[in-house]
């Protein structure tokens, strides 16, 4: 590779790596602005900033969606709403470090679920990596001594399962395959916001968006805008830009460093102290998810066929050939 080509590759990689860093920090940002009484209100306010930008930017392509595509995206939006609710409530009730690492188990859960659906066997390497990750979660959640996992840890585990369901549904729902990425994401987020707004009207679900906004200080608004502008809009448009300039696998690899940044931010900035057992758990989760990702990709490559019913999206790879917004950044937006 020439010096010019290497420099061009680095200039493409850097924004994608920044997305991974931003996503890793999103758990701390969510803790900074959200309480157990404002989860739904914060979600409504966050996407009140995001949705108009997506609608205005992609209005022409939105009109081109068929009725079947809109209905399919709306269904995916319900799953997306569940992910956001589980993640955000989970973040409130656990540490930023735990949240960012437990949610990374999606990279393990997805190939397992995919193998069950396809009727194929996972490689021994992947099974070992999955076992390593599970052991890491046990140590992480029990770092201060063995006891029941916190409610937040369990909610994050549920969010990881929901993310897996979302990715698999996205890959197998024929009505949305071939749909424009931005339009599909916009409809999904619009459906999610409708769910959040409806839940806000149910007694006992916490503050309304207006009451929460009235109580925000400057720091709260800063955290909210960070989640909206950087963790959602910046992340989405960088993916749209990068996937046209480099390979989807390279984008996926860089985004896969998110758990590392979640651990760094949680320990260095949030002051999380997982203890020695917890630190061992952190290392095991990072090693297990990285190893599992590599093993799953290798198995997927070896087992690739030209069968007509093969899914359009490889769940073991976060970013497909065309960005589809399924990565919780677009939740993420998929991030809390």
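Backbone N, Cα and C atoms are what each Cβ position is placed from, and that goes for glycine too.
Record features, source TrEMBL:
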type: TRANSMEM; residues: 12-30; note: transmembrane segment
type: DOMAIN; residues: 14-141; note: domain 'EamA'
type: TRANSMEM; residues: 36-56; note: transmembrane segment
type: TRANSMEM; residues: 68-86; note: transmembrane segment
type: TRANSMEM; residues: 92-113; note: transmembrane segment
type: TRANSMEM; residues: 125-145; note: transmembrane segment
type: TRANSMEM; residues: 151-169; note: transmembrane segment
type: DOMAIN; residues: 152-290; note: domain 'EamA'
type: TRANSMEM; residues: 181-204; note: transmembrane segment
type: TRANSMEM; residues: 224-243; note: transmembrane segment
type: TRANSMEM; residues: 250-269; note: transmembrane segment
type: TRANSMEM; residues: 275-292; note: transmembrane segment
type: REGION; residues: 297-336; note: region 'Disordered'
type: COMPBIAS; residues: 297-312; note: compositional bias 'Low complexity'
Selected stretch (most C-beta pairs under 8 A with the transmembrane segment (275-292)) from 12-30, 125-145, 151-169, 224-243:
125-145
Winner by Cβ pairs under 8 Å against the transmembrane segment (12-30), considering only 68-86, 125-145, 181-204, 224-243, 250-269:
250-269
Highest-contact recorded stretch vs the transmembrane segment (224-243), from 36-56, 92-113, 151-169, 181-204, 250-269, CB pairs under 8 Å:
36-56
Take the domain 'EamA' (14-141) and count its residues per DSSP category (helix H/G/I, strand E/B, coil), listing them in that order.
111 helix, 0 strand, 17 coil
Between the stretches 36-56, 92-113, 125-145, which wins on the count of C-beta pairs under 8 angstroms to the transmembrane segment (250-269)?
92-113
Proximity of the transmembrane segment (92-113) to the transmembrane segment (181-204), 3+ C-beta pairs under 8 angstroms:
no
Residue list, the transmembrane segment (151-169) vs rest of chain: Cβ under 8 Å, 6 or more residues beyond ends.
75-76, 79-80, 82-83, 86-87, 89-95, 98-99, 102-106, 109-110, 113-114, 117, 137, 141, 313, 315, 326, 328, 331, 334
